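> Take this structure, written in structure tokens, and hold onto it; I'll ask about it next.
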Amino acid sequence: MYLIVGLGNPGREYQNTRHNIGFRYLDFFCEEHQIEMDRSKMNGIYGETMLQGEKVILLKPQSYMNLSGTVVQRFVQFYKIPLDHILVIQDDLDMPTGKIKLKKGSSSGGHNGIQNIIDQLGTKEFKRLKIGISNNKQMSTTDYVLGKFSKDEEEILKNIAPKVNDILENFIQLPFDQLMNRYNQK
């Protein structure tokens, strides 16, 4: 069994904000594969599907971003999901908008949602799909990540959606090192 987590904040006011990029791409993946995200438990909205003969849970924690780890940890414990079978989709301020990077076992890089997952799981040894949202040094970080994308940024995000979809499809099938070699942009 596998767990793919999209990070974001619940509520209409956060929809399509930079910080909700994990929700956005999880929704896109579910739409492409006709997966219903219609179940709710342990403070998460989730759906289930089969990919390459494996059961996959797709999860959007409904706590605020900084408390995502509690929800992730509950799902990991309840479904007995190995750490190696977890992929978290997150935003990254330190990468240009639309840049994609797969990582495993690194620090939170200042991302409070990731730090809470590390704290709750007691390890940083889970996989991440980082999607760049750039950084506007003229704004506070909070205002920036909770802001909406510009039209140009929206176009970039639309263009990378098929690539993100491919990564999520191949997460089950390919060794993670191979995924990183294939998809990490130089």
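Quick reminder: no glycine exception, Cβ is built from N, Cα and C everywhere.
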> Out of Tyr2, Tyr14, Tyr25, which one does TrEMBL list together with Tyr64, Asn66, Asn112 for tRNA?
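Within the candidate list, TrEMBL flags Tyr14.
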> When you measure from the Cβ of Asn66 (tRNA binding site), how many other Cβ atoms are you left with inside 10 Å?
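So the Cβ neighbour count for Asn66 (tRNA binding site) comes to 12.
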> At a 10 Å cut-off from the C-beta of Asn9 (site 'Discriminates between blocked and unblocked aminoacyl-tRNA'), count the other C-beta atoms across all protein chains.
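Taking all protein chains shown, Asn9 (site 'Discriminates between blocked and unblocked aminoacyl-tRNA') has 21 Cβ neighbours within 10 Å.
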> Measuring C-alpha to C-alpha, could you say which of the recorded positions Asn9, Asn66, Asp91, Asn112 are within 10 Å of His19 (active site, proton acceptor)?
Asn9, Asp91
> Could you tell me the C-alpha distance between Asn66 (tRNA binding site) and Asp91 (site 'Stabilizes the basic form of H active site to accept a proton') in angstrom, no decimals?
13
